[in-house]
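Student: As annotated in Swiss-Prot:
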type	residues	note
BINDING	Ala11, Pro12, Pro13, Gly14, Tyr15, Gly16, Lys17, Thr18	ATP binding site
COMPBIAS	455-634	compositional bias 'Low complexity'
COMPBIAS	635-658	compositional bias 'Basic and acidic residues'
DOMAIN	1-175	domain 'Helicase ATP-binding'
DOMAIN	232-381	domain 'Helicase C-terminal'
REGION	455-658	region 'Disordered'
MOTIF	121-124	motif 'DEAH box'
Amino acid sequence: MADTPSVAVQAPPGYGKTELFHLPLIALASKGDVKYVSFLFVPYTVLLANCMIRLGRCGCLNVAPVRNFIEEGCDGVTDLYVGIYDDLASTNFTDRIAAWENIVECTFRTNNVKLGYLIVDEFHNFETEVYRQSQFGGITNLDFDAFEKAIFLSGTAPEAVADAALQRIGLTGLAKKSMDINELKRSEDLSRGLSSYPTRMFNLIKEKSEVPLGHVHKIWKKVESQPEEALKLLLALFEIEPESKAIVVASTTNEVEELACSWRKYFRVVWIHGKLGAAEKVSRTKEFVTDGSMRVLIGTKLVTEGIDIKQLMMVIMLDNRLNIIELIQGVGRLRDGGLCYLLSRKNSWAARNRKGELPPIKEGCITEQVREFYGLESKKGKKGQHVGCCGSRTDLSADTVELIERMDRLAEKQATASMSIVALPSSFQESNSSDRCRKYCSSDEDSNTCIHGSANASTNATTNSSTNATTTASTNVRTSATTTASINVRTSATTTESTNSSTNATTTASTNVRTSATTTASINVRTSATTTESTNSNTSATTTESTDSNTSATTTESTNSSTNATTTASINVRTSATTTESTNSNTNATTTESTNSSTNATTTEGTNSNTSATTTASTNSSTNATTTESTNASAKEDANKDGNAEDNRFHPVTDINKESYKRKGSQMVLLERKKLKAQFPNTSENMNVLQFLGFRSDEIKHLFLYGIDVYFCPEGVFTQYGLCKGCQKMFELCVCWAGQKVSYRRMAWEALAVERMLRNDEEYKEYLEDIEPYHGDPVGYLKYFSVKRGEIYSQIQRNYAWYLAITRRRETISVLDSTRGKQGSQVFRMSGRQIKELYYKVWSNLRESKTEVLQYFLNWDEKKCREEWEAKDDTVFVEALEKVGVFQRLRSMTSAGLQGPQYVKLQFSRHHRQLRSRYELSLGMHLRDQLALGVTPSKVPHWTAFLSMLIGLFCNKTFRQKLEYLLEQISEVWLLPHWLDLANVEVLAADNTRVPLYMLMVAVHKELDSDDVPDGRFDILLCRDSSREVGE
C-alpha cells in the first residue's frame, strides 16, 4: 500500500478504517525536516464533527477544519485539515492547491512545507448520491498529482461502485488487473502523475470471505405505527440499560422534528437533518457523542455514515425507501454488537426507486441481500444462511444474546400487565393511566388531603386503597365494596388501630409514612425527625396539632375515595356527600372536625392545603397565609414578620467583591437601563452600528467596519480604566443589561468610525474636538449620534454610492473611461501584461535591495530593513517594523495619528483574514496567468509585505490625490478597511485585460518618482482639496 500512489480500500463497518490512515499521518507529522499537510474529506457535516473529535483526541495530530485553510491558507501548524465533499469541490480549495508551492514560498519562505495525503472517506457517495452529483463536478478540477498519496475508503464500495465513483471525479478508475510492484514502478503512466494511473483496490471483505455485520441482531418488523413501536423499544432498552444510547433513522425532515418533539418528555434527544446549518449540525453531533445524558439521536440517513458512538446499543430504521448501502451503514454503527430494528408499516413497503438510485431492500433475509451486494457466495437454503438475522443467534456475542433475552422477558412482562389492565374495572385503568402521566408531569408541592394525628393514607382506623385486606372500622378506597373494617394498602396485614403504608412499622396512635420515626400525636412524612406535637412535611414549621401536606385520603375514622360505598363515619372523595366526622376532598362541604383539601371551607382544627384560609392551629402548605402557631411551607418569607426580603441580583458587569450593589438601590439606573434597551434593542445579537442606521445586510457586507476596535479610538476617547467595560460608568451606575452581547462602548467606537467615513482629516480632527464632552461617556455619545441617524444614513448613501457599485454590484472600472487618466498618465495607456510586469519588477527590486516596504510606499524612501525580509512569520515581521520605528514615523507623519497608538500595528493580526484569503487565492491565479503567457514565474510578496504596501499607499497623501484625479470612477475613502477592499477590485487595462487595482496603484506610484515629489511637503494630516486638480 505504501508503494502505490492511489489506493481504494473496502472494509466492513467497524473494521477500523480510520486507523489505516491515522497511523501513517502520525508518522508524517513526526518527520522533523519536512512539514506535511494532509486533507481528509467526508460526505456529511455530521461525520465531520465526529472525525474532528476522534482524530484530535489522542493529541498526536494538530487537526483543524478545512474551512480555515480555504479562508486563511495554511497556518504552518495544522497537520490534518478535515472537510466535507462540498469543500473538496470548491473553486477556492482547488485554486489553493494549484498555487501551493507559490503560496508556501511567499508565506513561509521555505520549500519544506509539502502536501501529504488526500484521504476521501465513504467515497462510494460520488456514485450513489445521485441528487448531489452536480455538486461534485468541481472535484475534477483538483490537481491530484500535487499530493503525496490519495487514499479512498468505504465500507460499501464493491468494485463496480468504486470504479464508477473514481471516474466520476476525474481519475482513471480501478486497475483492471493486479500489477506487480516492479511493473508499477516502471509504468510510464506513473511518471505523468497520480491522476493518470489506475487506483489499486484492496477488498478486505472478499479477502475474509465473511459476511459483514454478523455481530448485530437484525430484526425486520411490520407494525401498525412505526413511531409507537420505536418508542416502546427505546423505553425497554433504557429500562434494561439506563446508560445506553440509540439512533433512530427517519424518512423525512418533518418526521425527525415530530419524533423529537413527542419523545423528549421520555428521554433526552438530539435531532439532526439536512436543513440545519453546518455549525448547528457539528454542535449537535458533538453534544450527542460527548454528553453521556443524551439518549437518542434522531435524524435522516446522514446520521448513519461513519459515526462512532460509545454506548450505542440500538439502531431503529423507520425509512421505507432504505437501500442496501444505507442499511449496511446504519447497522455498522453498532461496533460491538447490539440490536437493529427495521420497522415498516403494514402493506406499505413497496416503493419505486428514483432514476439512478439503488433499489430499496427487499422483504426477506437481510444477510442474503448483504452477500449479494458484496459479491460473496450465496448460502440460500444452506447451513449458515442466516447470520444475526431471521431469529439466528449463533454468531452473536454473549452480551448481545443477553440483551435480546432481557428485551424478550420485558416484552412478555409488559404483555401480561396489559392483559391484566384490560380485565380490571375502568376506574382502576384510569388510576394507572394518571399514575403514568404523573411520572413525567406531576409536582410534589400540592397535597390533596390533610390529616389529624396521622399521615399519608394512615389513620387510627383508616382505609388503604388497592388491597384485599379486611380491617375493623373503615371502607375500601377506589373500589365499590362496602366493608366493616378497613383495608391495608398493597398489604395483607390486619391492624386494630392503624396501618403503616409502604413500611413495616406499627405505631400506637399514628403512622410514619416512609420513615422510621415514632411520634406522639403526629406523623412526619418523608422525614426522620421525632417531634412532640407535630412537624409539617417538606417545611420547617412546627405546629400544635399537625398537618401533612402531600398526602391523601386520611380521616379520623375512615375514608372512602372514589367509591359509591356509604359509611357511618367516613369521607367521600370526589363526591358531594356530607359526613359527621370526616374530611371532604374536592368538595364544598363544611364539617366539624375535618380538613378541606383544595376547597374554600373554614375549619376549627384543620389545615387548608393550597388555600388562603386562616386557622388557629394549622400549617398552610404552599400558601402565603398568616397563622398563629405555624410556618408557611415553600414560602420565601416568614409569615409572622412584616419584612419583605428581596433577592440580591447583580448585573454581570458589576464586581460583586467590590460592590454590594442591589438593583433596588437606584430606580434612576433601572429606568435608564430600560430606556437604553428600548432604544438599542438588538444589542443581544451581533449587531453593528450600520444595522442601527438602517442599512441592508448586503450593503453591510461591504461597508462593515471589520478591523475597527477600541484601538481605532484616539487616546482618551472611550478608553478609561477602572470602570464598567460595557458602558464606561461606575459599577453602581452601570446601565448594561443581562444578556447584552454588543456593548454600548463597542457601538460608540463603530459610530465614531462612521463619522470618520464622512470626513477628511481636518474635518475629523475638528469633530473629535467637538465631541470632547463625550470622550468618557460612550452612552451619551450614542444618544448624540442617534439624533442624526437619518441624516448620517443619507449622507453615507450619497458619498459611498460609487463604492457600493464597485464592491457590491461589481461594476467594471475601465481606465479608458477616465479622460484625465489617459491624458495625464502613461500607466493608463499600458496593457494589462505591462502593468503586471511593472508590478513584479518593483517587488523584485525591493526584494533585492531589502527595502523597507511600508516606508517606500509612504514616501518613496528606500531605507533598508533586512530584518523585515528575513522574518519567518507575521509576529517577527511586525517586531522588525516596530524596531526600526516605522509605526512611530507613520503616526507622526500621517493621519494614523488620529487613531490609537496600536491601531496600525494590529492591522497585521487577524483583522483582515478574509482579505488575506482572497489575496493568497489570487497568487494561484497570477501564477497560472504567467505560465499561460509564457513568462517566467516571478516571486510575489507575501501577505504581510502586501499589507504594508497598501497601508503605505493609504497614508501617502500625494499618491492618493493623484490616483483619485486620474481614475475618475473612484473617490476618497477614509477608513483603511474600505481602502483594502477597494484595492482588490479588478480594473480593465487599455487592452481590456483585467488586473487588480493594487497593481495599477503600484504602477501609478512608480510613475510618481521620488524626484517629482518636493521634499518635506508631507502634511501631518491627510487633507485633500477637492477643488484643486492635482497633476495638471
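Placement of Cβ uses the backbone N, Cα and C atoms for every residue, glycine included.
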Student: Residue list, the motif 'DEAH box' (121-124) vs rest of chain: Cβ under 8 Å, 6 or more residues beyond ends.
Tutor: 8, 17, 40-43, 47, 51, 152-157, 161-162, 165-166, 305-306, 325, 329
Student: Treating G and I as helix alongside H, and B as strand alongside E, what does DSSP give for the motif 'DEAH box' (121-124) in helix, strand and coil?
Tutor: 0 helix, 1 strand, 3 coil
Student: Provide the number of Cβ atoms within 10 Å of the Cβ of Gly16 (ATP binding site), excluding the reference atom itself.
Tutor: 10
Student: Pull the DSSP breakdown for the domain 'Helicase C-terminal' (232-381) and write it out as helix, strand, coil residue counts.
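Tutor: Helix, strand, coil within the domain 'Helicase C-terminal' (232-381): 53 helix, 29 strand, 68 coil.
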Student: Using DSSP and three states only, what is Thr18 (ATP binding site)?
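Tutor: Where Thr18 (ATP binding site) sits, the three-state DSSP reduction gives helix.
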